[in-house]
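The L-glutamate binding site annotation in TrEMBL covers THR508, ARG513, SER680, THR681, GLU728. Summarising the annotation, TrEMBL assigns compositional bias 'Basic residues' to 880-899. What TrEMBL records for 914-929 is compositional bias 'Basic and acidic residues'. Taken from TrEMBL, the feature domain 'Ionotropic glutamate receptor C-terminal' applies to 422-791. Annotation comment: TrEMBL describes 432-497 as domain 'Ionotropic glutamate receptor L-glutamate and glycine-binding'. Annotation comment: TrEMBL describes 871-929 as region 'Disordered'. Annotation source TrEMBL lists signal peptide at 1-39. Taken from TrEMBL, the feature transmembrane segment covers 553-574, 629-651, 818-841.
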Amino acid sequence: MAHQLRQHGLPHFRASIPRCLRLAFALLITLNCLQIANSQKTNVGLIYESTKPEMEKIFQMAIAQANEDSGGELELHGIAVAIEPGNAFETSKKLCKMLRQNLVAVFGPTTDLAAKHAMSICDAKELPFIDTRWDFGVQMPTVNLYPHASQLALALKDLVVALEWSDTFTIIYETGEFLPTVNELLQMYGTAGPTITLRRYELDLNGDYRNVLRRIKNSGDYSFVVVGSMATLPEFFKQAQQVGLMTSDYRYIVGNLDLQTIDLEPFQHGDTNITGMRLVSPEMENVQNLAKALYETDDPFQNVSCPLTTNMALVYDGVQLLAETFKHVMFRAVPLNCNDASSWDKGYTLVNYMKSLSLNGLTGEVKFDYEGLRSDFTLDVIELSMSGMQKIGEWKTEDGFIANRPPPKIVEQDQRSLVNKSFVVITAISEPYGMLKETAAKLEGNDQFEGFGIELIEELGKKLGFSFTFRLQEDNKYGSFNPKTGKFDGMMLEIIEGRADMGITDLTMTSIREEGVDFTIPFMNLGIAILFRKPMKEPPKLFSFMSPFSGTVWMWLGIAYLSVSLTLFILGRISPTEWDNPYPCIEEPTELENQFSFPNCLWFSTGALLQQGSELAPKAYSTRTVASIWWFFTLILVSSYTANLAAFLTIESLSSPIENAEDLAANKGGVKYGAKVGGSTFTFFQDAKYPTYQKMYEFMRDNPEYMTSTNAEGVDRVENDNYAFLMESTTIEYITERRCSLTQVGSLLDEKGYGIAMRKNWPYRDILSQAVLELQEQGVLTKMKTKWWKEKRGGGACSDSSSDGGAVALELSNLGGVYLVLIVGSFFGVFVAILEMVLGVKERSDENKVSFKTELIEEFRFVMQCSGNTRPVKYPKNSSRSRSRSSRSRSHSRSHSRSSSKSSTLSVDSLPLDESKLHHISEHTKHAK
């Protein structure tokens, strides 16, 4: 039965297996085979920035070269992913995804933040991380192929010593990232070395280094060590040239190993000494072959630069070093997961083996010291010359700098000579750069044009021997880039499409325009400024006579006046000397009188303050001391007041609603503003990151009615309306020489230059740049500017137009406050006199029992007579008071007869009115004594 089952049931059982299950088994076997095959590949990862696609290309080329050199024994497989520069989150996400693919090593990105995140993940997984960037601190399991920072600092010091910078120099560094190298350099010198100044040029000002560079220029130093990244160094040198730091007086040592990758052609003919170091020599055959294959051209070294960066060469060498390691050891990689604690137990072993090897690569001999650092290497020392970048020696770790300057080359006649060449030069009508001659005669061709730009082309033509034909841009547009069409317009389009060879006018050199055309070095430096009407003269203040002293001084003067008066009052009452006998004929009076009452003290202080004095004379030492100090105080105060009074009465204050761009952005004084539509000035505000400039751009964008189509239209608006126009400073200087009601407000908002535009990669750019530089050095451009700005076409009309320097007569408006004080004081005196008269009349009428009205009328009639200095006493006091006084005397004598006989003194009230009786009493008093 069983035998029958085996013979007949098994085929039946196999037939019953579903076909889909058999297909699943086959697929599983296939995937297993693929996985085994994939595990036999040696996968290498690369994380690179999306802005550097050449990194992936050279990585794959290095992989292919390593596989070819291994003769089939090794099969490296490259896995590359692109990230946004500096995006740490994207780096972590993509690296974790790559770790599942059995990686044996990862080449990290070149931006610091992304590289540090990738390094930390590889450290946790014990996966070799190959770093190609500058990093002061290297840790396991990292293999850093970049020369160590301490050795680079030593190389910089050796160059400084070799170039004999013994007195002083300035270290200009980009950010705190480069401080370890700077610190190493400073520690090497210590306190006994030359004077070293530190300057940081990257201050988060949207790439504007000009303020720092101007301070460096004003410091008087001429030797600079520059330490920065390739992201900022090209712009650094460009702005250094704009502020005048790229002449023959200055010398630079650049501490970046990628100096040879910068386009140094604009500085090639400026005689500036620029010395640097490079790890990659374009003179090596393997470097040349790789560069040709990488850029698919037979001449990859253009514009005095080598496009192969140090990072790219280190990636190539790193792949070769990894391949060399796998020739000696073979470790099978495992998939890793960022979400668990898994790690590769062979990672540290692989790193240690890599650091024990050495090889000759694109960057020279690659080997590591006992700490795993690349501290033994050779650098080419290079220098910029008229013929380009040339090698002048080598620097080695053990030997230092070894000079090997080549002999000077005999300069042959330039094959790119402009002699007998003819060019079409396009220009636009813009005073004073390009203008039509003012003449009644009919002119044609070049004869119809004149101006600064026209004369500049003529000077260059005479100097270089070429001829030219001027052509006018009909629509007067210089050229702006349209992002929708991807094209320029105006003069730029004419040059790009070959209908003109050069363009000359007030054409600003911008990064966008340099993408379409080339420029010579700037023939004029300038910046954006504000054109506004001149400040209006303010009318003199009514109380301008109080201006010599501030309000605080006047307040303290008043306090001092009251304090001294009160002090005299108190001292007068304290001092016995100030109490006097009011009746000198009485030797022993019963009452004494003090002259320093509080009103008298105020009068005494007032007289001294106004330098007029008074009838009061201090007698006591205390009151005399206070009075003397007060007189001295008023002497100095009045002298200071008099000395400043003339200036404050004659100076006329000027007022303007705006002083700078901040006032303009805040709409201070209701001033509207605008710029030329589509010009470089408007583009500057459109691209600016500074909050004030962003606010100004938003205003101009939202108010197109304030924008103008030409500069002339903007200037007319400034003269006629409450309007400010934003334009180049040189044009403002030209306008203010002719329109005396206008001026420049505030400082420059940026710095830039005008250049001669030409086709991209035009072979004559260097010759023209050198000629422009020679014209600058010879003072020709300065003379031309003086001619066209201050002499031609009405120039100089506003120079010395205002004053002759003589004395200016004071107007009534200058002294109005003094007259007002006089009038108010006089009326106040009249008011007090009338009040005294009325109160006196009231007192007499009440005392003598007469009518107040009658008495007032009689008093008024007497006053109105206006003649005579005497008047009769209408109501004598003797007649009205004699009886009462005699009765009081008798009663007083009876009540005090005993005391009177003893004291032998008399009261004033007891004195008789008759002189004979008074004499009799006096004789009686003597007899009693």
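Cβ from N, Cα, C; glycine included.
Positions of TrEMBL features highlighted on the structure.
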residue	record	Cβ within 10 Å
THR508	L-glutamate binding site	21
ARG513	L-glutamate binding site	22
SER680	L-glutamate binding site	22
THR681	L-glutamate binding site	23
GLU728	L-glutamate binding site	24
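Taken over all pairs of the listed L-glutamate-binding residues (THR508, ARG513, SER680, THR681, GLU728), the Cα spread reaches a maximum of 17 Å, rounded to the nearest whole number.
Taking the centre of the Cβ atoms of THR508, ARG513, SER680, THR681, GLU728 as the L-glutamate site, the nearby residues of that chain (Cβ within 8 Å, site residues left out) are TYR478, ASP506, LEU507, MET509, THR510, GLY679, THR683, PHE684, LYS752. The average pLDDT computed for the domain 'Ionotropic glutamate receptor L-glutamate and glycine-binding' (432-497) is 88.
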